[in-house]
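Peer 1: First, the structure itself, so that you have it in front of you.
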Amino acid sequence: MAATSYFLLTVFLALASSQAIASDPSPLQDFCVADKHSPVKVNGFVCKDPMAVNADDFFKAAKLDEPRNTMHSKVGSNVTLINVMQLPGLNTLGISIARIDYAPLGLNPPHTHPRATEILTVLEGTLYVGFVTSNPNNTLFTKELNKGDVFVFPQGLIHFQFNPVHDKPAVALAALSSQNPGVITIANAVFGSKPPISDDVLAKAFQVGKGTIDWLQAQFWENNHY
């Protein structure tokens, strides 16, 4: 009986431990400023010596109140992301921020953040936004947002923002639940990969001729993150 109880306790602890390590770890100290010069490779960045940390490690003069140039973007948007790469003090804190500027009829094209949920608020103008759920339903949720409105995009799902107004720009501020949320712009990844995905594969996937795929792969798939 004792052996059985011991076995059940061991199984329970193993299951509890597996659940505990399946999520992101909580910070174990006040901060862990990223040491980008360390040769040690970890999931994130090694901590800078706390005795060498100063207020500038938690500061960036990002000027997020200033308009960004959208004229050089083919899609008419400009994303200014502040993550751990620009602000070392964000390391292990699980958050980042972005300003997004939209030209009239500008688009932040369909994309995903593999490591973050995004919450977006409109600062100026109007945005038509939406996201698509995963297979098999692929349900589209959309909303038109005005100044002061808030919308959330669940982690990993394809989403977009579009300025439907032809004569006025729009601005939004987004917060993301990761120090380095990552972004995968769908068209760029599929048609602009290096080396390119086989046109046989893409023609079959999109049910079009290979000539259409070849034309798409020949386009310039730019990044609207600056």
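In case you wondered, yes, glycine gets a Cβ from its N, Cα and C as well.
Okay, these came from TrEMBL:
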SIGNAL    1-22  signal peptide
DISULFID  Cys32-Cys47  disulfide bond
DOMAIN    62-214  domain 'Cupin type-1'
BINDING   Asn108, His113, Glu118  oxalate binding site
BINDING   His111, His113, Glu118, His159  Mn(2+) binding site
Peer 1: Quick one, of the disulfide-bonded residues Cys32, Cys47, which Cβ has the fewest other Cβ within 10 Å?
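Peer 2: With the disulfide-bonded residues Cys32, Cys47, fewest surrounding Cβ atoms within 10 Å: Cys47.
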Peer 1: Within the domain 'Cupin type-1' (62-214), what mean pLDDT does the predicted structure show?
Peer 2: 97
Peer 1: Using Cβ atoms only, which residues of the same chain lie under 8 Å from His111 (Mn(2+) binding site) while being at least 6 residues apart in sequence?
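Peer 2: Sequence-distant Cβ neighbours: Ile158, His159, Phe160, Val183, Ile184, Thr185, Ile186.
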Peer 1: Near the Mn(2+) site, what residues other than His111, His113, Glu118, His159 in the same chain have a C-beta no further than 8 Å from the centroid of the listed C-beta atoms?
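Peer 2: Near the Mn(2+) site, the remaining chain residues are Thr112, Ala116, Phe131, Phe153, Leu157, Ile158, Pro181, Val183.
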Peer 1: Measuring Cα to Cα, how many angstrom lie between Asn108 (oxalate binding site) and Cys47 (disulfide bond)?
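Peer 2: That comes out at 34 Å between the alpha carbons.
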Peer 1: Hey, how far is Cys32 (disulfide bond) from Glu118 (oxalate binding site), Cα to Cα, in Å?
Peer 2: 23
Peer 1: Please report the distance from the Cα of His113 (oxalate binding site) to the Cα of Cys47 (disulfide bond), rounded to the nearest angstrom.
Peer 2: 25
Peer 1: Rounded to a whole angstrom, what is the C-alpha distance between Glu118 (oxalate binding site) and Cys47 (disulfide bond)?
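Peer 2: Between the alpha carbons of Glu118 (oxalate binding site) and Cys47 (disulfide bond) there are 26 Å.
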Peer 1: Within 10 Å of its Cβ, which one of these binding-site residues (Asn108, Glu118) has the largest number of other Cβ atoms?
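Peer 2: Max Cβ neighbours within 10 Å, all protein chains included: Asn108.
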Peer 1: With an 8 Å cut-off on Cβ distance to the Asn108, His113, Glu118 Cβ center, who else from the chain surrounds the oxalate site?
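Peer 2: Counting only non-site residues, the set is Ala98, His111, Thr112, Ala116, Leu120, Phe153, His159, Ala174, Leu176, Pro181, Val183.
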